[in-house]
Amino acid sequence: MTWLITAAIVLPFGTVALLLPPLLQLEASGLSYINGPPVWPPFASISNYLLGSTPQRLTAFLDYALSESQREAVLYYDNAFPGLFAAFGLSCIGYHVTSLAISETKSVFLARGFKGRDLLKSIPDPIPESLGLPTAAVYMALLFLFIPFRYFSSSLPGVSKLGNDWEGRMDGRGGFPHHELASFLSALLSFSCAIVLGFLDDVFDIRWRYKLPIPVISSIPLLMVYYAGGGGTSVVVPGWPTFLRTSIGSNIVELGPLYYLYMSLLSTFCTNSINILAGINGVEVGQALIISISLCLNSALYLDPRAGQPGSFASKELLRRHLLSLYLLLPLTAVCMALFKWNRYPAKVFVGDTFCYFAGIVFSTVGILGHFSKTVSLFFVPQIFNFVLSCPQLFGLVPNPRHRVPRFDAKSGCLYPSIQYFAGGNEDEDAKLPNTSKKPLRRASLMATLVLKFLSNLHLVQIEFWDPKDRRKVKSTTNLTILNAILVFRGVQHRSEREANQEKDDHDQRPFTGPEITEWGLWVNTMVLQIMGSAVAFGIRYWVARVVFP
């Protein structure tokens, strides 16, 4: 029933937003019909049917639906923000199509062996996996359908010319936004590459050392178009503290090839950071959805119809860049909302690495083509924090198991931090410890001990010592992820063996102490942190930046 109500609202609304501006453009072109055929569209039969009668059939239909002032308002904003109505309309339709695609294909994925077990449930039934693939396929279809609505318009000189002036010139025609179209098509090429490589990762379970260069390969078309368009490779030196510009002797530093290295690393980070922050239902899609909405709001701040005119806060170039980002972000937001409906707690499908790859490459593409990569990075504050927190495990300072997700207590239905053990030097005692990594247990190094003590003082990890009085030899630590850190920070502590043996009451035999936080509760905490990160990003971008970059 809910599905029918959603379809009855979303589909008509999206269809109107998609088709109304072209119909109004067609009506406007028909005003000069007596002087010759209209400039849009180049289909004589349709033009004659809609515009050739007196009164015009199209005008009679639009008069019934909208007043003249309403039509003028729609045309005004469509001319000011070309393609935005189409992007919004396709996004509304894409939400419904994505939900339908997941519903129809999840059983097929399950039958073909694409399934996984939910480790945080009492009965881990097989769940269809890699449903990020149909989501990505719908997203790509939306972008392909968007092309004619944006780049086939009577307002574009390269389209409106008629007669025997067709030359098929490789250098294009004057006035047509060739570079914008090339940028859009290069984005599609990068997305396609990321989707294919992400699905290969789902199929073959590629190791981390081979995953890292995949986003770099996907970003090559973007970087080439960025170079062909004369994209800048310089950065502005902060004006505060003042000694920076004084010592450098300039307000701008030219990075040259290093800037392209930075952009390729941005693609790698955006892709893998979403993949690393995973482990509970809905967290991958949830973080991507919040980042996408935040970036849409950031781009919406530059939508000024008077862009480039005196008194406007945005230039025409800024407007075009942020419109291009909205062309990519609005459909992403829609498909993420549909996927989240299936992946939220309790998950009916898993997204797989395909979703993480394509969502990450979309964010990096928006930053590169929109020329606001630093702003994009600001909205990844929780992901940056999670990466920095995970570095001791990612780089071998602390043993890194395959799964670092929190543990599930079936009796209470709550989660508690997962732990990783260190050897103590006694072979008999070491043999009793569980080992979740592939390598034998080893003793904690001095550097690892110092890092873990520092994180423990920040209430981000819980550590246990072989000798609680000596506190020199670390016995165990909670895994270094933001999900475990949230549990520890909220007061959920892993119960040590000594504490467990001292407790007699059945209720106190829980493997943890502190508040009871379910998987849904942990997801809410994580999303609140993500929203707070976006709020901090807006504050840095529009308040702190004015101080640092006067």
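Positions of Cβ are set from backbone N, Cα and C atoms, glycine also.
Taken from TrEMBL, the feature signal peptide applies to 1-17. Annotation comment: TrEMBL describes 80-102, 131-152, 181-200, 212-237, 257-278, 285-303, 323-342, 354-372, 378-398, 520-544 as transmembrane segment.
Here the transmembrane segment (212-237) sits apart from the transmembrane segment (285-303); fewer than 3 CB pairs are under 8 Å, leaving out pairs fewer than 6 apart in sequence. Two recorded stretches are said to be in contact when at least 3 C-beta pairs lie under 8 angstroms, sequence spacing 6 or more; the transmembrane segment (378-398) and the transmembrane segment (323-342) fall short of this definition. Outside the transmembrane segment (131-152), and at least 6 residues removed from its termini, the chain residues within Cβ reach (under 8 Å) are 18, 22, 41, 82-83, 86-87, 90-91, 93-94, 97-98, 101-102, 105-106, 109, 159, 176-177, 181, 184, 187-188, 191-192, 195, 198-199, 202, 327-328, 331-332, 334-336, 338-339, 342-343, 349-356, 358. Of the recorded ranges 80-102, 181-200, 257-278, 285-303, 323-342, the transmembrane segment (520-544) has the largest number of C-beta contacts under 8 angstroms with 285-303. With a threshold of 8 Å between CB atoms, the same-chain residues lying at least 6 positions outside the transmembrane segment (323-342) that come near it are 81-84, 87-88, 90-92, 94-96, 98-99, 102-103, 106, 131-132, 135-136, 138-139, 142-143, 146, 150, 180, 183-184, 187, 282, 285-286, 288-289, 292-293, 295-296, 299-300, 303, 348-349, 351, 355, 359, 362, 365-366, 369-370, 372. Counting C-beta pairs under 8 angstroms (sequence separation of 6 or more), the transmembrane segment (181-200) reaches the transmembrane segment (354-372) with 3 or more such pairs. Contact counts against the transmembrane segment (285-303), taken as Cβ pairs under 8 Å, peak for 354-372 among the stretches 80-102, 257-278, 354-372. Cβ atoms under 8 Å from those of the transmembrane segment (257-278) belong to residues 194, 211-216, 218-219, 222-223, 226-227, 232-235, 284, 287-288, 353, 356-357, 359-361, 363-365, 367-368, 373, 376-377, 380, 382-384, 386-387, 390, 481-483, 526 of the same chain, restricted to positions at least 6 beyond its ends.
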